[in-house]
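J.: Structure incoming, see below.
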């Protein structure tokens, strides 16, 4: 049996410590993956700093991390989509389950079968690792019935005639959401910084607007004139003012437009939600418990192989080995734009 090592959080607001960890076994509908690349996310450092204040069920020591790409080494009972030796990309849910065997920051991790996709050989592990958490967040907001409930993506989509607003198109979630919404048959209008306009349009957005412009709400209102709105997905960073502006702009746009009146939020709802409009905070991990994960992680493998889905944003490899994960988290706290920080494992 191989030896497993993990970057462990010993306690609340403590730095990661690399040490030997139990070698995991594949339970029912689960696979064990040898991690070749992992990405870091804001939820990782937030959980590291805040622990049970953020997630009351968290106990220590804990292995954090959500995004991995690697090779299947074992499959559990009931697994039909994978076999040992397969290349995969997947969303590790250890923070949600409070199960360190399912945390990404280690050499061998347990994944749910329905939270993983086959990885084509043409796509490097380090670039694939940017996808999972952002993908899960996007599919919850876009396709779960208790959120926007949009039509499911296809390699040959049927046009719906509706237009979706995605605020934050150059974020990791935004890059996934644009592609998914277009593949589901929706026109996408998005916001981002001007230097990312080409990026979001290359992913399928028909128009992009500068979210920092004082006229942004008027610009969006004009862009949606005469269109049927499919609702909005509001994605923003950790700065409270930016998050509030994003939520309010999306809610107001949906309220003023013809069409659906729902906004999926990556931030808490503001105090004054317009009459007739509904909104809900996105919990990405909820997708593991419903049909959307089966449908969309199945679609992801097909779309990656077909070349119709791009692993975006760009991966920036900031180190090699588990010892580099803490540095990656520290760098992420300083802020990044249109890229995702990745650590490779030898």
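Just so you know, glycine gets a Cβ as well, placed from its N, Cα and C.
Summarising the annotation, Swiss-Prot assigns NADP(+) binding site to 43-48, 170-173, 193-196, 211, 251-252, 336-337 and lists similarity to another entry as the type of evidence. Residues or ranges marked as substrate binding site in Swiss-Prot (evidence: sequence analysis): 133, 134, 135, 136, 137, 138, 139, 140, 269, 270, 271, 272, 273.
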J.: Counting every protein chain present, what is the number of Cβ atoms, excluding its own, within 10 Å of the Cβ of residue 251 (NADP(+) binding site)?
T.: 24
J.: Within its own chain, what residues at least 6 apart in sequence put their Cβ under 8 Å from the Cβ of residue 170 (NADP(+) binding site), listed in sequence order?
T.: 192, 193, 196, 199, 200, 313, 337, 338
J.: Of the binding-site residues listed here (46, 173, 195, 251), which is spatially closest to residue 273 (substrate binding site) when Cα positions are compared?
T.: 251
J.: Using a 10 Å cut-off on CB atoms, tell me which of the binding-site residues 133, 139, 173, 273 is the least crowded.
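T.: Lowest Cβ count within 10 Å among the binding-site residues (133, 139, 173, 273) is 273.
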J.: If you draw a 10 Å sphere on the Cβ of residue 337 (NADP(+) binding site), how many other Cβ atoms land inside?
T.: 12
J.: Among all the protein chains here, how many other CB atoms are within 10 A of the CB of residue 271 (substrate binding site)?
T.: 7
J.: Do you know offhand how many angstrom separate residue 137 (substrate binding site) and residue 43 (NADP(+) binding site) by C-alpha?
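T.: Distance (Cα to Cα, whole Å): 12 Å.
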J.: The record lists 133, 134, 135, 136, 137, 138, 139, 140, 269, 270, 271, 272, 273 as binding substrate. What's the largest Cα to Cα distance among them, in Å, rounded to a whole number?
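T.: With 133, 134, 135, 136, 137, 138, 139, 140, 269, 270, 271, 272, 273 as the binding residues for substrate, the largest Cα distance is 29 Å.
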J.: If you measure from the Cα of residue 133 (substrate binding site), which of the binding-site residues 43, 46, 195, 251 is the nearest?
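T.: Sorting the binding-site residues by distance from residue 133 (substrate binding site), the top entry is 43.
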J.: Looking only at C-alpha atoms, tell me how far residue 251 (NADP(+) binding site) is from residue 139 (substrate binding site), rounded to the nearest Å.
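T.: Just about 20 Å between their Cα atoms.
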J.: Specify the count of other C-beta atoms within 10 Å of the C-beta of residue 135 (substrate binding site).
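T.: Around residue 135 (substrate binding site), other Cβ atoms within 10 Å: 30.
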J.: Given the binding-site residues 43, 46, 137, 195, 269, which one's Cβ is surrounded by the fewest other Cβ atoms within 10 Å?
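T.: Counting other Cβ atoms within 10 Å of each of the binding-site residues 43, 46, 137, 195, 269, the minimum falls on 195.
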J.: Can you check what DSSP calls residue 43 (NADP(+) binding site), collapsed to helix, strand or coil?
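T.: Where residue 43 (NADP(+) binding site) sits, the three-state DSSP reduction gives helix.
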J.: Sorry to bug you, but what's the C-alpha spacing from residue 43 (NADP(+) binding site) to residue 269 (substrate binding site), rounded to the closest Å?
T.: 18
J.: Take the C-alpha atoms of residue 135 (substrate binding site) and residue 195 (NADP(+) binding site) and report the distance between them in angstrom, rounded.
T.: 23
